[in-house]
Amino acid sequence: MSHIRRMPKRTDTLALFDVDGTLTPSRCKASHETLEFLRRLRDEVFTGIVGGSDLVKQEEQLGPTILEDFDYVFSENGLVAYEKGKLIHVQSLAKHLGEEKLKNVINCCLRYIADLDIPLKRGTFVEFRKGMLNVSPIGRNCSQQEREEFEKYDRVHSIRSRFVDYLKERFEGYDLQFSIGGQISFDVFPRGWDKTYCLSFVKHIPVIHFFGDKTFLGGNDYEIFQDARTIGHSVTSPEDTVKQCQQLFNL
């Protein structure tokens, strides 16, 4: 999708996208049709992505040239931020929280998961990222089929939301925020380090349209969807995202 960059026709507008469930099926690759549409959209407005995953996972889903293909790439909610292909900001969870508190949170999560009775458990239950922890009751290295089965199980048994409620009470004094996203996990980060964090890097753009699928209370798109600095659009799939953009931007 990479091409020589020209300024878009509308330099006052940014189309900012969540990744999982918005531009791609959860943890899967974007379709050629979606990527081609994003290329055309970038001729009209500035484009950007914001997600909880690190850059490596974003590249797996959207291609190895995403730093060239989008004007803004915000990994880990913008705690690792790129503008025009250049790294402009890195924030550290370990430095902010401190090793002792971080260790307490990780140990608590692992104990909770050890006692959790669910049909399947695999591996990588807590993933440490630069700006957050990603916690998965089933484990991140489950297969795609196991991922989908857990999502269905979680809808019925509220495994993640109950886990989050427990952690909120347990670490009330740590000023942490918990955000459920994707199919199998939730993120843990200091309050204010949700997706609205990335908006500080685009203050010069007056109109920001945000597109996301987890826009409900407790979802990881909720805060930025509700933020006064954005015009929020709730989507149900990559196809719905493209359709809404076509209507909005007359493409």
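Every residue, even glycine, has its Cβ placed from backbone N, Cα and C.
Feature annotation from Swiss-Prot assigns Mg(2+) 1 binding site to Asp18, Asp20, Asp213; the stated evidence is similarity to another entry. Residues annotated as active site, nucleophile in Swiss-Prot, with similarity to another entry given as evidence: Asp18. Positions annotated as active site, proton donor/acceptor by Swiss-Prot: Asp20. Under the heading alpha-D-mannose 1-phosphate binding site, Swiss-Prot lists Arg27, Arg129, Arg140, Arg147, Ser185, Asp187. Positions annotated as Mg(2+) 2 binding site by Swiss-Prot, on the basis of similarity to another entry: Phe225, Asp227, Thr230.
With respect to Cβ neighbours within 10 Å, the binding-site residues Asp18, Asp20, Asp187, Asp213, Asp227 differ, and Asp227 shows the lowest count. Counting other C-beta atoms within 10 Å of each candidate's C-beta, the binding-site residues Arg27, Arg129, Arg140, Phe225 are led by Phe225. In the three-state DSSP classification, Asp227 (Mg(2+) 2 binding site) falls within coil. Ranked by Cα separation from Thr230 (Mg(2+) 2 binding site), the binding-site residues Asp18, Asp20, Arg140 are led by Asp18. Here Ser185 (alpha-D-mannose 1-phosphate binding site) comes close to Asn134, Val135, Ser136, Pro137, Arg140, Arg160: these same-chain residues lie at least six apart in sequence, with C-beta atoms under 8 angstroms from its C-beta.
On a Cα basis, Asp20 (Mg(2+) 1 binding site) lies 14 Å away from Asp187 (alpha-D-mannose 1-phosphate binding site).
Cα separation, Arg27 (alpha-D-mannose 1-phosphate binding site) to Asp20 (Mg(2+) 1 binding site), rounded: 6 Å. Ranked by Cα separation from Arg147 (alpha-D-mannose 1-phosphate binding site), the binding-site residues Asp18, Asp20, Asp213, Phe225, Asp227 are led by Asp20.
Distance between Cα atoms for Phe225 (Mg(2+) 2 binding site) and Asp213 (Mg(2+) 1 binding site): 10 Å, as a whole number. Asp18 (Mg(2+) 1 binding site) falls within neither a helix nor a strand when secondary structure is assigned with DSSP, and so counts as coil.
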